[in-house]
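These come from TrEMBL:
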- A:62-250: domain 'ABC transmembrane type-1' (DOMAIN)
- A:7-28: transmembrane segment (TRANSMEM)
- A:66-85: transmembrane segment (TRANSMEM)
- A:97-121: transmembrane segment (TRANSMEM)
- A:127-146: transmembrane segment (TRANSMEM)
- A:232-254: transmembrane segment (TRANSMEM)
Amino acid sequence: MKEKNRGLAVFTFLVFVFLLGPLLIISVTSFEGGSVLKFPIETFSFKWYENIFKVSMFLTTFKTSIIVSLAGNLLALLLGVPAAYALSRFNFKGKAVLNAVFISPILIPGIVLGFTFLRYIVTTYQLPIYAGLFIGHTIIMLPFVIRVVSSSLSTFDFSIEEAAHSLGASKIGTFIQVVLPNIKSGIIAAVMIAFLESFNNVDISVFMTGPGVSTFPIQMLTYVETYFDPTVAAISVLLMIITAFFMFIVERLMGLSYFTKR
Amino acid sequence: MALFTLENISVAYNKQNILQDFNLEIEEGKFISLLGPSGCGKTTTLRLIAGFLESNNGKFLYKGKDYTKVPVNKRNFGFVFQNYALFPHLTIFDNVAFGLRLRKASKSEIEKKVASVLEIVNLSGFEKRYPKELSGGQRQRVAIARALVIEPDLLLFDEPLSNLDANLRENMRIEIRRIQQELGITTVYVSHDQEECFAISDQVAIMNKGIIEQLSDPATIYNYPKTKFVADFIGFKNFIDFEDQKIHENEIELTKSGFTFIVQKNKANTSTDGKTGAIRPDNIVIRPLKESVTAGKNELPGKVKIRTYLGRSYQFIVETPIGDFTINQELLVPYQVGEEVILEFPANNMVLVK
């Protein structure tokens, strides 16, 4: 019995090393003083962190990413919250099919989705780059919004809706005054998860970006192609911190059990 | 004139009729219960009155006005739910004030009304708490306060006590009755608990398969059920399907397989269409069979088949030539299984039902 437990402990340890090792190495290398990425570091410095703010393309693309993610997020909410509500509240024909359609952007490989967007949004309809990015990112965020909001609606007692009705509230009034406040934490969690999904996205954006307009992760890729200094490592560390912070809030609001549910 | 009327209401769900040509009239200030087993249509009736459901046919009249198409939020009826349905994100004060705010009441008016209604339900001082901090009984009282504060034209209860434990249930039903009488609000109450309905109602409607089998005051239903279903539902466990009847001046003579029974004419036993006799287990008298005694009128010979102990009394299942009967009797020395007995059916305790 004891022997078996030790084996399991070693295995668990190895999994953690495998998962967290690269993150640790990246974090360490970001503090390298020289101009070449190396591990372990030879001198210690913050200069590559400073360099992030010196490269103007990082700032420009960061703004682009923020705008696309926030605007897409807003649209995904406007579409996703009512959709999640309808899917949870009502029984209708084709509900299972609709559910599957809404989830499909998670299941379809990003590269396939990206190529499809390129084929239609960019080639056929020749939409401007910003519009294309906006549409593409809305579509990849939508399933996350629907999933997270649905899971918070699954514990919602719809009889309080009837209670509000009987007290004189209209249908829309009930939704705003009773339903929304009770799924508030789900909506905030949805916003954060969708934001991270969009902000970190490469495989869709790579097809949608063009001359002059790029997103932050794409700019990172471009940078690595030309320079081999630790700037990207420094960016990675910052992104990790932001992501961890967001996930901490989501965990506080809803619990991460959402990710283990299917 | 009736305060509200359901006229030939039909409701179907998934092509199955739940209510068909349903009629009901309620007078102002009355407390009426809809009582019946699950699936009898009582909740459907209540939800239809509230406006949560639409009928396929028929009319719902309130004070002579057609309310059939009036939406829930324009009806001004108070509804109390089985699971309380309080707003979890609002304090008790805000829960109760919800309906008043929608009615654009002034701040001082809201404060005054909420305070007075919380006093009625004995929850003064709970204003700042949230529903999850209250017990089940307190939550239900908040739900009642929330429904009362809008001064509803009609108060509707959907099994409000079934989530509470037995002691609390008894206290709450007294509370509900007290509040209803104090305020004189016309009330419709749905329950599957017979005792609860009888305890608090002016009138009880026993429902079965989408129709009202009997609508009367509780005592009449309890003593003089009209149909076999009602009799069975309120505890007349024994039934005799008679073959023949003769009507006399003060009594009715009935026969079954050669045995003769006399039933006194009374409030229920006037009609000649009832040919099934019903009697409660408590009202059959069980006597030892002595030799040389044969069963006379209103008597049956039998043999004890099963004996169970109920605490206050014993219950016997007795086999007779015309079927098994259930008898409850308080006895110091009980009859043994297999013992031969005589069953006596007192003439004033048998009721004829359809």
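All positions are counted from 1 along the displayed chain.
Positions of Cβ are set from backbone N, Cα and C atoms, glycine also.
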Intrachain residues whose Cβ lies under 8 Å of the transmembrane segment (A:127-146), provided they are six or more past its termini: 64, 68-69, 71-73, 75-77, 79-81, 83-84, 87, 102-106, 110, 113-114, 117, 121, 190-191, 193-195, 197-198, 201, 204-205, 208-210, 212-213, 215
Considering the transmembrane segment (A:232-254), which listed stretch of A:7-28, A:66-85, A:97-121 counts the most C-beta pairs under 8 Å: A:7-28
For the transmembrane segment (A:97-121), distant same-chain residues with Cβ under 8 A (at least six beyond the ends): 83, 87, 127, 131-132, 135-136, 139-140, 142-144, 146-147, 201-208
Intrachain residues whose Cβ lies under 8 Å of the transmembrane segment (A:7-28), provided they are six or more past its termini: 39-41, 233, 236-237, 240
